[in-house]
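A short worksheet on the structure shown next.
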Amino acid sequence: TECEKEPGSLLWIFVMVGNIVRGMGETPIMPLGISYLEDFAKAENSPFYLACLHTATVIGPFLGLLLASFCAELFVDIGSVGADEVPITATDARWVGAWWLGILICALLNLLVGIPFWFLPKSLVKEGESNEPEETSEKSAAPLQENDKNETKQTMYEIAKGKLYYVLFPSYFDFIPFLKALFHNPVYMLFICITVLQFSAFDGMISFMPKYLEQQFGKSASDAIFLIGVYNLPVLCVGYFSGGLFMKKFKINIYQAANIAFWVSLLEYLLYFAAYWTVCDTSPVAGLTVSYQ
C-alpha cells in the first residue's frame, strides 16, 4: 500500500501574522484620527468632518469588495496555470479564486497611503483661530522653564522617597482610574454595547450572505461579493455623509443627536424584522434536504 499523507500547510500562519500586523496599523487611525479632528476643528464643523471620516471607512470596504469580486473570477493559480487548462468555471463549488492577489494589492496601497502620515504636524492651530504672537510665546517661555525645574525637583524628591516605579511608569497610574471611570459611565457602556451589536450584525451579513446567495440563487462567489458591496455599502456612505451634514447645518447637540439615533435605529430594526416574512423555497441539497438516491 502507498503511504498516505494528510494534506497540510503552515502558510496560514503567515496570513494570520499579516492580519495581526494590519490590525495593529489600522486600529490607531480611528481613535487618534477622531481626536485629531476634535482638537483642531470647530465644534459646528466637527460632525461633518467625522462623517467624512466614517464615509471614507465605508468606501474602503466597498472598493475592497469590488476588488475581491474581480479576484474571485481568476483561478487561484493564475500565472502558473492557463485558463484553458482549468476544466471548471467560477460557478463550480470546487472553484477557488485568486484570494491572495487582493491581499498583495491592498498591502501595496496601504504602504503608499501610509507615507503621508509621516508628514502630519504634531499640532495645528485650531480652526478659526490665528497663531499666537511671538511676544506672547516669549513671555510664556519663562513660566514653562520654571515649571520644568519644579517638575525636576518633584521627580528627584519622589525618587528619594522610593517612588521610582511611579516615576518610570506614571501613565499606568493615570490609566487605571480613567478606565475605571469609563466602566462606571452608563452612557459610555450603553454605547459600547450598541456598537458591538451593530457590528456583530454587519459582520454576520458579510460572512454568511455570500454563501446564502450562492446556494439559494445559484450565484458565483464573485457575483455574490459584488452584489453585497453594491447594495449595502453605498447606502451606508450616504447615511454617514448626510447625517454629518445634517448635524452641521442645524447645529444638533448631543441630546438631540441621541434622540435622532434612537428613532432611526428603531425604524431600522422594524425594517429588518420585516425580513422574517421574506421566505424562499429551500434548494434541494443532497444528503441534507433530500436523500442521495
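Easy rule for this one: first residue shown is 1, then count along the chain.
In case you wondered, yes, glycine gets a Cβ from its N, Cα and C as well.
Over in TrEMBL, the protein carries these features:
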REGION    130-149  region 'Disordered'
TRANSMEM  12-36  transmembrane segment
TRANSMEM  48-76  transmembrane segment
TRANSMEM  96-120  transmembrane segment
TRANSMEM  187-209  transmembrane segment
TRANSMEM  224-246  transmembrane segment
TRANSMEM  258-279  transmembrane segment
Top partner of the transmembrane segment (96-120) among 12-36, 48-76, 187-209, 224-246 - counted as Cβ pairs under 8 Å: 48-76
Folded-back contacts onto the transmembrane segment (187-209), same chain, C-beta under 8 angstroms, at least six residues removed: 224, 228, 232, 265
